[in-house]
Each structure stands twice: as structure tokens, then as C-alpha cells.
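Visitor: Structure in C-alpha cells, see below.
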């Protein structure tokens, strides 16, 4: 039996789509030196090659893909977006504006200089900034711009072409810049990280190991009584000295949870909770007494929960003010915008931050009620909220403003982005509303992006040879300029206008470019995870600004003549 692969794929859009995705994902795993191609560029390259062979796909799949992607971007940004926008993120907001704004202006200038159309210009901006949100925003605005069909088709094809030609240029140039730009300025990143660590009491170890606390019990002997010298637990400060916390005391057969006024007596049996290295720091007088193995004394349900910061008595306060250890709880991680932060007693908490806390189940629940709520550990998505806000986003995108002879539509990209932000924000404030497991959100976002990339590549592939020959050299130059010049401008602005610490500044710059591989290089150079503070500060707002940049470049283009 003979099977005509070409006829088979052309006659089945679903089969073609998944063939493109599978081949593209395989290609995306290849590495050029230390740089991995990535899923986006892998799918785009495969779809462009198949597009040259005149394979095509239904445009509805393309539209659904970009809608799912941009909506999920909004949901991820929502919990921290408003806290960054309105409060302590002024510097981060300004850095993101400078990065995105300068790239937009440079792209517009180069597009006019080289005589490109809006499709090539917007695609070049998206690729050079390695930003799919720019591509999504520009494509959606083009489709709703009222451009005549032949010109629209050409612009959309060129949009994909510009992105494909400059994506790797943007990625590689930024990674190289992240490696060498810190060496061209007079402040060493490692020194800057240590400086901010000393000022704020930060843990600079980028590879800090996290252990679960363990519980051990001891009988109080004469040496321990002598060591306490009649002081109560508050005066002894055992936690401050060792990191262990006395959770329970058995005295005369009665089990109790001690307060700070309790004084240890001969024959007491005490249960201490702490990390393994904290137990090793205990005074020898603890271990010289007999270790006790008693079911009732050791029967403690140690849990680890993720607590979402929500309540007013926690938002805007420093970690130290929560006094977690006074409540017998241990902080393992601080996560903001899916990014792990340094554990810093002086870090100011934002609404939507996630604290991973270990301790006795009752104590962890008490802490959670004080500062927010325990994140739901469920695999069930609130599909009703997902669909409802998706509909709201589409309806917002239909809004059009008329100014004299000029009309401006919000568009699906901006509408869905705004609706996603609102869903994410409300989820951070209401524990049972709009829950989407992070794994499910990642899957929908990634799948939507891959479907979108497959669609744009198949539609643009037929004209790639002509386009590559005409603008290939120009694209190389433009891609390098748009990728690196805004980074330099952003550095100068942050270093000499905002006077930011260099470790935080370089992290914030990589966040404004939403480039995780470059961020890893900055952290390695600083030998610290402190740059993650800056990265988290700009990442959420930059995703939103980049989407708006894709819309704005299409709106501004006709006004430039």
C-alpha cells in the first residue's frame, strides 16, 4: 500500500499540526554550543520549512493558540502586577519602560531606514527581544487594523519572517552580553551582591540546600539545668543560638506546649524541632542527657505548606516582622512570580508572594490564617472562572475608540491579557476562586504558544526564500542593535539615574528582557541568587509592556508616513 504523505497531511489539519509540533519540539532540544534552540524556535523552523512545501493550516487554530498563550501570561502576572505597579516597584517599572520603550523606538527607526513594511519591523522587534508577546500583540492588531487583504497577508507573513530571522540573534547576543557586559563596568557583581547582602541581611548562597525540620527529644539532666542557670526559655534564646525550637515539655507525666516563661527543671523531657544542622549546634549539655524515644512526645505532624500572602497585616511588611520562629514555624522558600527569592529578613512582602513554611500542622495553619491562606493542593482547575474571564477578555478586545478620522481598537491580545491579570489577581486574594494548578497553566500556555508558532510558520513559509535574500543582512544588523542597545541604555539609566545596586540592576535588566538563560548567567557571575530580586521585580510588568509594544508598533507605524 502506498501512502502519499503530502496528501495525508494536507487533508488533515490536526495531523499536520501535531507532526509540526513533534518535529519542532525535537529540533528545539538541539544545542548550539551552550545555547539550546528552544521549543519556540524549533517549531517555527519546522513550520517554515513545511510551509515552503505549501502545507497550510486552518487560521482558527492559530488564533486559539495565541489567545490561550496571552491569557495565561496575564494569569501568571496577575498576583504581583499591581503591587509592582503601585508600590515599591517604581524603579523596576521605570527600568522595564526604558527597556521596552527604547527597543520600540529603535525598531521603528530601523524599519523606516531600511524601507521595511510593518510586518518585518514588528517581527524584527519581537525576535530581537526574544519576546513572543510582542509577536502576538502585533499579529492580533494587524488582523484588526483594516488593512486590505493582500497587504495584510504580506504583513503577517513578514511578521513571522522577521521573528524567525532575528530570534536566535537576539537570544545569543543577550547571553553574550550578560556574560561580558558586567565585566565592562567598574563594579564587580560578586562584590555588589555581597554589599546588598550585608545591608539587608540576605543569604547570598545561590545553591542553598533546604531540609525539612526534624524532631528529637531529650531528658533534662543536671548539666542542662546548670547551663540554664534558672533562666526561662525567652531569656535563654535557644532558637537564636541554635535554630532549634522547644515544641513540647513533659513534666510529671503531663505533656504541654511551653511559653517563653517556662523554666527547665530536672527530669523534664523536651521535644526540639529544627533543621539537622541546628540540632548539631545544641549545647553539649542537651546531648549529655539521655535522648528520649517516646511516641507521645515525638508524635508531631510536621507539614510543609505553601502560604499565599494576602492579608493587610502581612502585605508591605518585612519577613522578620512575621516572627515565624516565635510560632514554631520554619521558612524554606520565598517565591515571587514563579521565581525563588533569597531568604531575607528585610525583604518586603507583596500580595501574591508564596512562602513555603514547615512546622507543626496546627502552627502552620495559624500562621497561614494570619498572613493569607494555604495554597490549594489540587489537580482540579476552576474551568468556570477560566472560561468566564476568557469571554470577558474577548469582549474587552472588541472595544473600539474613535478619534476624529482615527480609530483604535483594544484588540484580543490586550483584552485577554487584562482579563488574565484580573483572574490572577483575584486568585491571589481569594483562596477558592479561579484556581489553576501551575502545571496545568504551564501546559496550556506552552501548547497555545506552540500552536501559534506552527500557524505563523506554515503561513509564512512559502515566501521565506525571497524574503531572506532581500533583507537577511539588514536583519542581522537590526537584530543586534535592537537586542543590545536597549540593554546598554537600561544599564546607564539604572546605574547613573536610579543609582541601583549592580547585582539588582543586572537582574532587573534580564527580567525586563524576560530571558531566563541570561538571568542564570548573571547569577553565576554574581555567585549569588540576589539578582533574582531584580529579575522578579521587572519580569511581570515587562511581559505586559511587551504585549502592548506589539500593539503600539502597529498603531504608530502609519502615523510615521
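Including glycine, each Cβ sits where the backbone N, Cα and C put it.
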Visitor: Do you know which of 475-495, 496-516 Swiss-Prot annotates as transmembrane segment?
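Guide: Comparing 475-495, 496-516 with Swiss-Prot, transmembrane segment matches 475-495.
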Visitor: Within the domain 'RCK C-terminal 1' (200-288), count helix residues (DSSP H, G, I), strand residues (E, B) and coil residues, in that order.
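Guide: Going by DSSP assignments, the domain 'RCK C-terminal 1' (200-288) contains 27 helix, 23 strand, 39 coil.
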Visitor: Using DSSP, what's the helix, strand and coil tally for the domain 'RCK C-terminal 2' (292-373)?
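Guide: Here the numbers are 22 helix, 32 strand, 28 coil.
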Visitor: Grab the pLDDT values for the domain 'RCK C-terminal 2' (292-373) and give me their mean, rounded.
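Guide: In the predicted model, the domain 'RCK C-terminal 2' (292-373) has a mean pLDDT of 81.
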Visitor: Considering only Cβ pairs under 8 Å, which range in 32-52, 383-403, 475-495 makes the most contacts with the transmembrane segment (158-178)?
Guide: 475-495
Visitor: At a C-beta cut-off of under 8 Å, are there same-chain residues at least 6 beyond the transmembrane segment (8-28) that contact it? List them, or none.
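Guide: Apart from its flanks, the transmembrane segment (8-28) reaches 36-47, 50, 55-58, 61, 450-451, 453-454, 457-458.
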Visitor: For the transmembrane segment (32-52), give me same-chain residues lying six or more residues beyond its boundaries with a C-beta closer than 8 angstroms to one of its C-beta atoms, as numbers and ranges.
Guide: 16, 20-21, 23-26, 132, 160, 163-164, 167-168, 171-172, 175, 446, 449-450, 453-462, 464-465, 517
Visitor: Ranking 383-403, 475-495, 537-557 by the number of C-beta pairs under 8 Å to the transmembrane segment (94-114), which range is first?
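Guide: Answer, by Cβ pair count: 475-495.
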